[in-house]
Structure formats: structure tokens, C-alpha cells
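Read through the structure below, which is laid out as C-alpha cells, and then see the notes.
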Amino acid sequence: MSHELLETYACMPTTERGRGILISGDAKSNSVVYTNGRSVVMMNLQNPLHVSVYGDHAYPATVARFSPNGEWVASADASGTVRIWGTRNDFVLKKEFRVLSARIDDLQWSPDGLRIVACGEGKGKSFVRAFMWDSGTNVGEFDGHSRRVLSCAYKPTRPFRVVTCGEDFLVNFYEGPPFRFKLSHRDHSNFVNCVRYSPDGSKFISVSSDKKGIIFDGKSAEKIGELSSEGGHTGSIYAVSWSPDGKQVLTVSADKSAKVWDITEGNNGKVKKTLTCAGSGGVEDMLVGCLWLNDYLVTVSLGGTISIFLATDLDKAPTTFSGHMKNVSSLTILRSNPRVLLSSSYDGLIVKWIQGIGYSGKLHRKENSQIKCLAAVEEEIVTSGFDNKIRRVSLHRDQCGDTEAIDIGSQPKDLSVALLSPELALVSIDSGVVMLRGTKIVSTINLGFIVTASAVSPDGSEAIIGGQDGKLHIYSVSGDTLVEEVVLEKHRGAISVIRYSPDISMFASGDVNREAVVWDRASREVKLKNMLYHTARINCLAWSPDSHRIATGSLDTCVIIYEVDQPASSRITIKGAHLGGVYGLAFTDEYSLVSSGEDAFIRVWRITPP
């Protein structure tokens, strides 16, 4: 057997309330690049499923930029490190430099691709540095800032200049190279969030949390104009981007709107069009990032929605898509249509995906509680939260209907729903299990050992409970109680996951000591052993619909697929399936597997039969 990656459903950029994010693009390939966690994500705007990821930063990545020729990317992280790597074959690392002593917020290449200027947090030392891209040698001194520098820009034409801005309300101007401080502007009365040169270098613009945008001469840095307050933004402006011809700019703001401005001959900005995106109207609709790339106007919201407008037709509704921003811990398939996936992350977001199409909407629940486990049965979603509550939410197409919350009195560990009689749900808690029928707790059973995982058979007649001691206890469900039938001992670590095979002839269990076991249900003997190929705890497992193969996902970032009737050694391993670990797995058909993980990505794999 072998495997190939069919589709990638990308995470969204990491955002932070009250701050902008600075995404960048490559005009040749129509690609944008942004960061989430330790991932640097490159996405093609013409086909958002065409995504590639660079994952070699040791700390959370903060900003990334394509070099002028599009061959290289410089990406920076929270430790102040800049890595320069090739955009082609395997992202070869060219250089790595420790540039600042703390988080880098922005960086820019010189137009000849030989120098890079970076700025950010400096722990009281320098907040800005420019260096040669191949040697890391300093190119000048950047004095004049007293607080975190949020953005920097490199003049794209000779004579070269660098301009910076930040939390000290200043816009600073440097001449060089080697760069020296020339002058400082105090026109803003709040954080200056972004500064950008026009493509021809004749002017630059700074935008600020004081809701103002100011235009300066590119060579002398004298103030020559500003964005009109008429029809202007009513909240902080977080980012700005020039049109390719330098006659317009795009801005985004905390007022939840994006605006396209005409820059007149007199260098003042008049609002040409206000772009609004359909949203819930909550804070997650605040816009924090933007980019004008060729004919595309891209905006990013605080809640992680990317909208793409067309410059040639601004009245046309944008293409919008979204995804997760945090660890995707649960993945489930609607049995009525296996091409439809639901995924959830602990921040309470549930996203619907359709294979072949990708993003297909968020499920908006009445109360956006955190989610630990998610199960879906025909017309209903069952979730367990960190607030000791189990919620049953009715599902009508994409809309969540009424929610009923059941407080079970302690922290739910695992959640299992009897697929054929879904009113029966089993929730494991530390001391035992809680049995629910509908929204009623019918019993809370103290089992006398510490419970770590549980599963209930599809017909609701049997339950398997896994313990901290690695033992599997099999119970028959009689009425509202459990009767212990047998205890199976094989695991050498706490049980982390238990799943019945779809034909109910087998079940599989995984533990924190990296081992998985497939059991025959009738004889209760081990059916497939020596499944010891992970190097860390097993987080999840899934069966193919025909019960012929099983996949396990682990903290070690790998997914391993076994054929049940072949020895475990003939497995296939998908290495590095998810940066930070695999947390969700589901088969959509005999040879298609979907995985999700710590990196907030979802990936669809195709397994080729032997």
C-alpha cells in the first residue's frame, strides 16, 4: 500500500484582538503567505485547496514574505529568528539568523533581494535591524524608537530608504544603506500599525489606531497628504496595501469594514468604495489584515475568515472561506453523506467541509461553548465541554437548532454514542461512567478504577471501558446498569482510545504507551498484535467502512494504516501528517482517510490498495 495527499484544508492566520496581521503575496504565482502556530502557509488565491506548508520554525511563526523574484521566503518567529528558504522542492533552508531578541512583527526585502529589514519587540534593545540576506551582516543603525516597532517598509526604488512605525506613535525615516536615522514624525496619536511604500517608491502611507492614514513623500519623508475623514474608518486601522498602479490603497479596520481609497493628484485619499463582508456582527468580524495582489483584494477577519474581492468588479460579493485556528481535536463524518465532514477545535468552532470543495461553512450554535469531544448522528450533534456539560444540538442542513445541555457534575473524559440507538450516550468521567438516554441522566456508575476511555457498541448492548492501568473492562448494558463480563489485559499504558469496527466483529484500542491492539469481539482474543510503530501516545484511531483496515494517529505527528488480515509490519506510515501531533481521524470510504491535528489543518489522504 502507498498513500498520496489529495486535499489540504488550511488553517487560518493566527489573529490577536487589538492587533493587525501582515500577510504578504507573490504577484507571479498569485499566492499569499501567512502564519499560524509554527506553520508558514502558502495558499494560491485561484485555488485555495492548493496549499503548501513550511513547518521548521522552533517557535510560533509571526510573519513571512516572498522575495522580489518569488524564489525565496523569509519567515520570522516569536524568538526573533528569521529563516530564509526556497519556495520550490522541499523548502531548502538557505540561512537562519537571530535578528532581534524577541518577537518579530514585520519584515521586508530590499527590491534587489539582497537585504532584509525586520522589526518587532526588542526587550529594551534594538527594535529594528537590516542585514545582508546571505551573511546576516548589519546594514546600518536604527535608533529613535522606544517601544515595539509594528511595521517597516523598504523603498522599492533608488535612492533606498527604510521607514518604520510602532507603539511609540512614531513614524521614523532612515537613509542608506548603511542606514542612519534621518527624521521622525509624530502626527499620529495612537499605535501606528502599518507602513507601506507605493510600488513606484514616490510615497508611503502609515495607518494607525487613531483611525487616520497619513501620506508622506517617498524620498524626503515630508508629509504630503492624508486619508479623508469623510466616510473614513470609525475604528483602528490595522493594515494598508497599495494597488499595483499606486493610485489606490486598501485599508482594513476594527470597524469591521475595508475601504478602497483613490489617492488624488494632491496626495489625499478619498473613499471610493466601502467593502463589507456578511458576518454575525460580533467582534470576530473586525478586519485585521489585508493585501492587494494583482486583481485580488484580500481581507482577513479576527475570527479567521478570508474574503477575496476582485478589483475589476468591487460590487461583486467576495469569495469567502475560513477554517480552524486552533488544534482540531475531533473529526466526524455524516453517515448519510460520507463526503461531508464536521471538525471541531476546543475553542468551540465547528466547521463543515465537503470533499472536493473544501470549506462549506461554520455551524453557529446558540451558545459558543468550548468543545472537548464531538459526535454526529444523523440529525444531531453531541458535544462534551470543559464545563461539565454534554450538549445535544439538533442539526438542520447547516443550521444548529435547539440545544439541550445536560450537566453531568464532573469533567467528561470521553463521549460515545450508540449509532443505531443514538438516544443512548456513554460519557466517561474519572471515577466511572454516566449513562444518558436522550437528555436524561439514567445512571452514574462508579467503577472503582480511574477511567480514561470508553466506547459503546452501535446497538447499545455492550460497553468497553479503558482504565489508567491499561486494562479493558467489557460490560453488557442491561437496562440502566453495566454488568462486567471480562477484563482484557495487554496494554502497558493508560488506554487513550477505543473504537468498534463498523461490522461490529472487532474492536481496537490504543494507549499512551504508543501501542494499538485489534481484538476479535466474539472470542475476545487479540486479532492483530505488534502494532508498536508510533514513538509517542496514540490520540485517535479509525476503521475503514468495510472493517478491513485501521488507522492510528499519534502525538508523534504520524498516521499509520494497517490491514487487519496482514501482519502489522506491512503497514504504511504517513510521516509528519500534522505538525504537533494528530488528533482526529476518519475514513470517508475504503481508501480515503481524513486526518486533523494540532496544526489546525485537515488533510485528505488516498491510500492505494496493494
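Just so you know, glycine gets a Cβ as well, placed from its N, Cα and C.
Note that the structure is predicted; figures quoted are calculated from it, not measured.
Marked as repeat 'WD' by TrEMBL: 54-95, 185-226, 230-271, 488-520, 531-572, 575-610.
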Distant-in-sequence neighbours of the repeat 'WD' (531-572), which means Cβ under 8 A and at least six residues beyond its ends: 1-3, 331, 338, 493, 496-497, 499-503, 505-506, 508, 510-518, 578-587, 589-591, 593, 595, 597, 605, 607, 610
Sequence-remote partners of the repeat 'WD' (575-610) [C-beta within less than 8 Å, at least six residues beyond its ends]: 1-12, 36-39, 53, 55, 323-333, 338-339, 341, 343, 345, 353, 355, 536, 539-546, 548-549, 551-559, 561, 563
Folded-back contacts onto the repeat 'WD' (185-226), same chain, C-beta under 8 angstroms, at least six residues removed: 19-20, 22, 106, 150-157, 159, 161, 163-167, 169-173, 232-242, 244-246, 249, 251, 253, 261, 263-264, 266-269
Structural state census, the repeat 'WD' (230-271) (DSSP three-state): 0 helix, 22 strand, 20 coil
Long-range neighbours of the repeat 'WD' (230-271), counting only residues six or more past its ends (CB under 8 A): 18-22, 27, 190-191, 193-194, 196-200, 202-203, 205-213, 215, 224, 277, 279, 281, 285-292, 294, 297, 299-301, 309, 311, 314
Average model confidence [pLDDT] within the repeat 'WD' (54-95): 95
